[in-house]
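J.: Quick one: structure below, then a few questions.
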């Protein structure tokens, strides 16, 4: 058998591997996918969290299976142990807040559905005869229809949709399966106890064993969007004024980051909902103003829309070409303005990241006011020439300048919301 020698740096005189040796190393990695898996997991934080979540779910299922495997426990719960396993499967979510939300919803739905189902079954037993079936049918229809209608109310659907669904399920099962009042009470009690066991296991593992917080994900993703928009704005400026070569232009697409910001609304709403269920942890206390994150996300999407609309100015025939003299008089002031706007975005993002007040009234807003004044001093389209082509180019450039003014207005609104978050969130 042959051997493969891999160069290992010893700090001095390191000689890189040849292409042949590098190929052999790649072949070894391909033969052992587990090596690539751990390498990817080490460099990818999100993948690491996925693996942790998968392991946590597996451990939870092992614990809840003990209700079946251990005879003393099985004698206590019997076949109702399947409800504990089902609870772990449907309740355990990726984020701790989502697990807590689903667990509480399931508990409330089970208690209300089981309690009202027992009362309806007892009443049907008291009536007896044909009236028993009629009472069961009427109660199932009324409560099922009412709960289904409630699920369509926006405020209820946002936080308690799963609880309403569990209420319908539990109520219908308890009423229909109850032959005698004593059996109904026993079914409800045993089912509730096993569901509580499954939820307790989910809660313990989700909150105490390497917890994955929705609040952290929301906070980090929002901060990253500030940087994405700043980079996009700078990228557009370079491309618009011809400060980028073809190779850099092909490798960097500023619109991709803007599109990712535009598609963040659904994710933000879900994370805010999950974060509102999470207990006090780390830097986020009770009653933290998560609703302001939705306002900030909306402001960032408005900014992304404005930046993305500028992409048309790169291809539009009404815009001046890179060699045209229309851009030269405004190139330096526009680049300075773009640099100021990018700096503002990074300052606001850094303020949220470090949870420190940015002092928008003292630094950010005066800076934006100065930018607005600089924009007003840039020559208008009437100064760029008298022939039709020059006027058309000047009007195209005026459209670009108007977008910059609109961007300043949106950043002022964004700065006010960041300041509001600092006040309500207790930033230092």
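Every residue gets a Cβ built from N, Cα and C, even glycine.
TrEMBL does not curate its annotations; it predicts them automatically.
Source: prediction; values computed, not measured.
Relevant sequence annotations retrieved from TrEMBL are reproduced here:
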- 51-70: transmembrane segment (TRANSMEM)
- 82-100: transmembrane segment (TRANSMEM)
- 107-127: transmembrane segment (TRANSMEM)
- 162-180: transmembrane segment (TRANSMEM)
- 192-213: transmembrane segment (TRANSMEM)
J.: Would you mind listing the long-range same-chain contacts of the transmembrane segment (107-127), meaning Cβ under 8 Å and 6+ residues beyond its ends?
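T.: Result: 133, 135-136, 139, 143, 160, 162-175, 178, 180-181, 184-185, 188, 191-192, 195-196, 199.
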J.: Among 51-70, 82-100, 162-180, which stretch has the most Cβ pairs under 8 Å to the transmembrane segment (192-213)?
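T.: By the under-8 Å Cβ criterion, the transmembrane segment (192-213) pairs most with 82-100.
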J.: In the same chain, who gets a Cβ under 8 Å from the transmembrane segment (162-180) while lying at least 6 residues past its ends?
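T.: Same-chain residues near the transmembrane segment (162-180) but 6 or more away: 101-102, 104-106, 108-110, 112-114, 116-118, 120-121, 124-125, 136, 139-140, 143-144, 147-148, 150-151, 156, 187-188, 191.
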